Amino acid sequence: MKPHISLTQFIIDQQRSIPNASGDFTMLLSDIASACKRIAHAVSRGAMSGQLGSAESENVQGETQKQLDIITNDIMVDALEWTGHLSGMVSEEIDEPIVIPEHFPKGKYLALFDPLDGSSNIDINLTVGTIFSILKGREGCNASLEDFLQSGSQQVCAGFVLYGPSTLMILTTGHGVNGFTLDPDIGEFVLTHRNMTIPEDSQEFAINMSNQRFWEAPVQRYIDECMQGRQGPRGKDFNMRWVASMVAEAYRILTRGGIFLYPLDQRQPDKGGKLRLMYEANPIGFIIEQAGGLCSTGRQRILDIQPDGIHQRVPVILGSKSEVERVVDYHQQT
Ligand code: P6P
């Protein structure tokens, strides 16, 4: 049987169709893949590593950090800062943009990442992941804060790596969505999911129901109708999932459709929601759109948002096109 195509071969094949491509992007993706292999190893060690549990510290989000939040952040920074492909980085775990050390060359790209999304699941051995977004920067100089404040539609690449029963990278460079499984026997990500597309219709929703009393009316209406099932206006029964790991929800939706909602919470409307725009909603939204789905705040396409901060939060409604369109329509009716 012909061996699977490796991630590197896949990206180089794409690079060959781009006139005057320097190869920088190919090398940057290879560096990210190497970092994620290291993270997969660290995560797989589980209790044997002695690195589970809280780090007794808080991140910029005011969330208690897990030891592995910090360890995986350091793996990403250590793997990417020296490569000469980046002029700066943003991490969920670090307040300010990460400056490329003086003695390293500054490249043409910017990397933004959540090094361990869903880390509240790490102590209970459920799927977590790394989310990354690549923007164009200014080659040769350290990135300013403003350099990062680009809308999601400016992304040149977005991906996430799932650390689950298998380690799987889901990637888009704006030409569809492909999945690469880490083959532990050879230490390579290999192409296993070509041209992933999301079913337009679905009967599965994902939302944290414990926040129901704080949702706005359009979301209340949508979920209420799903809960009424075939006796209600939708005329069909729905199923519900909630993993509390956005990467796991996104992958499930890529494979069988569905809708994921983390809506505005009326307790803190100015906070914009829980999920972060730059390194959660934008990269996952780019992937979902490239697979034929939609990603909205309910009022606006996520990838159109002009950010005003690197840790800005937004409401997120994403997944199967017809379901997201329905929620957006309900917002327009209010
Ligand atoms: P809750 C993980 O912390 C995360 O950022 C997303 O991955 C996930 O969808 C959400 O928060 C879970 O939030 O409030 O259900 O714990």
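Just so you know, glycine gets a Cβ as well, placed from its N, Cα and C.
A quick note: this is a predicted structure, and the numbers were derived from the prediction, not measured.
From the candidate list GLU225, GLU249, GLU280, GLU289, the residue TrEMBL records in the Mg(2+) 2 site shared with ASP114, ASP117 is GLU280.
Of the residues ASN178, ASN208, ASN239, TrEMBL puts just one in the substrate site with ASP117, GLY118, SER119, SER120, LYS274: ASN208. Record check, TrEMBL: Mg(2+) 1 site residues include ASP114, LEU116, and the candidate from GLU81, GLU92, GLU139, GLU146 also listed there is GLU92. Checking the binding-site residues ASP114, LEU116, ASP117, GLY118, ASN208 for a CB within less than 6 Å of any atom of ligand 1 leaves ASP117, GLY118, ASN208, listed in sequence order. Taken residue by residue with DSSP, LYS274 (substrate binding site) is part of neither helix nor strand, so it is coil. If you take the Cα of ASP117 (Mg(2+) 2 binding site) and the Cα of LYS274 (substrate binding site), they are about 13 angstrom apart, rounded to a whole number. A gap of 13 Å separates the Cα atoms of ASP114 (Mg(2+) 1 binding site) and SER120 (substrate binding site).
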